[in-house]
Amino acid sequence: MVPSAGQFALFALGILLAVCQALENSTSALSADPPIAAAVVSHFNDCPDSHSQFCFHGTCRFLVQEDKPACVCHSGYVGARCEHADLLAVVAASQKKQAITALVVVSIVALAVLIITCVLIHCCQVRKHCEWCRALICRHEKPSALLKGRTACCHSETVV
């Protein structure tokens, strides 16, 4: 049984979606266990207003046991006060986005070429008498077929 063009296109689209999902979730945890509840007493409190500008690129948290502020940095920043840009994180995120974009574009182009090819093959198999198909086939026909006494594919004439 030969799969149809539609089945093949759906299969290719399924593979594309699976690859994109795998790339997107490449750093996620493998277990689906629910998160464990935190202790009732937290080690962090909100920073007082006097430390509202303590973190440059992050969120301020006040460490209860040490009685001092600490920062939770935004993505792409590091340091005690989130003052340094993490260039490796920025470059890695940019490259990942470019790779996903390139993969999607190449897959869409390949899928379009595949669908067009399948439609053309189907057209020429079902409608062999179609002028357009005949012109396409006859353009590649070699005259040697006529010299050997065979029937030409485009003409019903036989050369003796």
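A Cβ is built for glycine as well, from the same backbone N, Cα and C atoms used for every other residue.
Remember, it's a predicted structure, so these values are computed and weren't measured experimentally.
Annotation comment: Swiss-Prot describes 1-23 as signal peptide.
Per Swiss-Prot, the feature topological domain 'Extracellular' maps to 24-98; the stated evidence is sequence analysis.
Feature annotation from Swiss-Prot assigns N-linked glycosylation site to ASN25; the stated evidence is sequence analysis.
According to Swiss-Prot, the domain 'EGF-like' annotation covers 43-83, on the basis of sequence analysis. In the predicted model, residues of the domain 'EGF-like' (43-83) average a pLDDT of 87.
For CYS47-CYS60 (among others), the entry in Swiss-Prot reads disulfide bond. CYS60 (disulfide bond) carries a strand DSSP state (E or B).
Annotation source Swiss-Prot lists disulfide bond at CYS55-CYS71 (among others). Around the Cβ of CYS55 (disulfide bond), the number of neighbouring Cβ atoms within 10 Å comes to 23. Secondary structure from DSSP puts CYS55 (disulfide bond) in coil.
Sequence-distant contacts of CYS82 (disulfide bond), defined as residues of its own chain at least six apart whose C-beta falls under 8 angstroms from its C-beta, comprise CYS55, PHE56, HIS57, GLY58, CYS71, CYS73, HIS74. Residues or ranges marked as disulfide bond in Swiss-Prot (evidence: sequence analysis): CYS73-CYS82 (among others).
The transmembrane segment feature in Swiss-Prot is assigned to 99-124; the stated evidence is similarity to another entry.
Annotation source Swiss-Prot lists topological domain 'Cytoplasmic' at 125-160, citing sequence analysis.
The annotation S-palmitoyl cysteine is assigned in Swiss-Prot to CYS153 (among others) on the grounds of similarity to another entry.
Residues or ranges marked as S-palmitoyl cysteine in Swiss-Prot (evidence: similarity to another entry): CYS154 (among others).
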C-beta crowding around CYS47 (disulfide bond), within 10 angstroms = 18
Query = Helix, strand or coil: which one is CYS47 (disulfide bond) in, per DSSP?
reply = coil
Task = Tell me whether CYS82 (disulfide bond) sits in a helix, a strand or coil according to DSSP.
result = coil
Request  = Take the Cβ of CYS73 (disulfide bond) and count every other Cβ within 10 Å, whichever protein chain it belongs to.
outcome  = 19
